[in-house]
Amino acid sequence: MSLFVASRSAFRAAAPLKRQFQIRRYATEPPSADAKKGNNTLLYGAAAAAVAGAGYYFLGGTPAAKKAEEKVKDASSAAAGKLSTSEVKQALTGGEQGWVSLKLEEVEIVNHNSKRLRFRLPEDDMVSGVHVASAILTKFKPVDAEKPVIRPYTPTNDEDARGYLDLLVKKYPNGPMSTHLHDMVPGQRLDVKGPLPKYPWTANKHGHIALVAGGTGITPMFQLCRAIFNNPDDQTKVTLVFGNVREDDILLKKELAALENNNPRRFRAFYVLDDPPKHWTGGKGFITKDLLKTVLPEPKDENIKVFVCGPPGMMDAISGNKKSPKDQGELKGILKELGYSPEQVYKF
């Protein structure tokens, strides 16, 4: 039985890493059920909208009702054929637009040091305008400071979501922006600008991609994964290696587990912890050369891409850091030692 079929746990770490590493290649996958749906997408999307709408009517006015309402909007967008963002109004258009003020609507505590912040877009029928593998800039000016603090963040909401933009923010001890965002309460506003294009993704651009992430570096990876698996025409295979300090530091773990369970033959995830609990059966310590050599697609496979995103120390060890947002810098570290070329690696 396939490893992917046999394991349906929330964490890939439920199976010992030694067992996981026995399988490097994916089995040939037949056309997915989604690819066979064809015109049923409209029917199912409309049905989803109707169900979500019924839930909203029943819940009327409660916090859960707001989430149901968002599902109605998103399902309706899908039922309408998922219009491209060029065909709907975009909140962030880049260029000469300048900064846009967004109101914080909702705050969700994710774990001991991370929050999900939902900001309302200027109009309810707008999409953010942030495409796959893109980011935004955030800005605020501390009291008595001469200059504002500006930091990039990758939104985690679907690019087709209407009326809102979500940021997943980890608070760092000496991080002025992350501290400011964690201190915000609903009703306050944040200046944002974008989108900032990173990697120009298109369906089936690569046959297999590998994602090496650390901490909040998972956000652009998740954005990319969701776009791939939400598109029935995109048959890209994905391998994720995700490093964190402790188990409760693993961000988006439920969402990643759902993607893995729904796409067991095209998506596998490996988790590594610096400070694992006693019951942990996944990787321990740092992301190592042996681990990457075992689970990543081989560099001799031409139609692959390895994406890397994480704290500076991890980036330095895995691929070398970027010189600037527009300069990828020299390829160094483990990936170079394993034989990957600069053209096969992208640093977020």
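Placement of Cβ uses the backbone N, Cα and C atoms for every residue, glycine included.
Database features (Swiss-Prot):
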- 205-240: FAD binding site (BINDING)
- 97-202: domain 'FAD-binding FR-type' (DOMAIN)
- 41-61: transmembrane segment (TRANSMEM)
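Look at the binding-site residues GLY215, PRO220 and count other Cβ atoms within 10 Å of each Cβ; GLY215 has the fewest. Of the listed binding-site residues, namely ALA210, CYS225, GLN235, LEU240, the sparsest Cβ surroundings within 10 Å are found at GLN235. Around ASN230 (FAD binding site), a 10 Å sphere centred on its CB holds 16 further CB atoms from the protein chains shown. Taken residue by residue with DSSP, PRO220 (FAD binding site) is part of a helix. Taking a C-beta cut-off of under 8 angstroms and a sequence separation of 6 or more, LYS205 (FAD binding site) has the following same-chain neighbours: THR236, LYS305.
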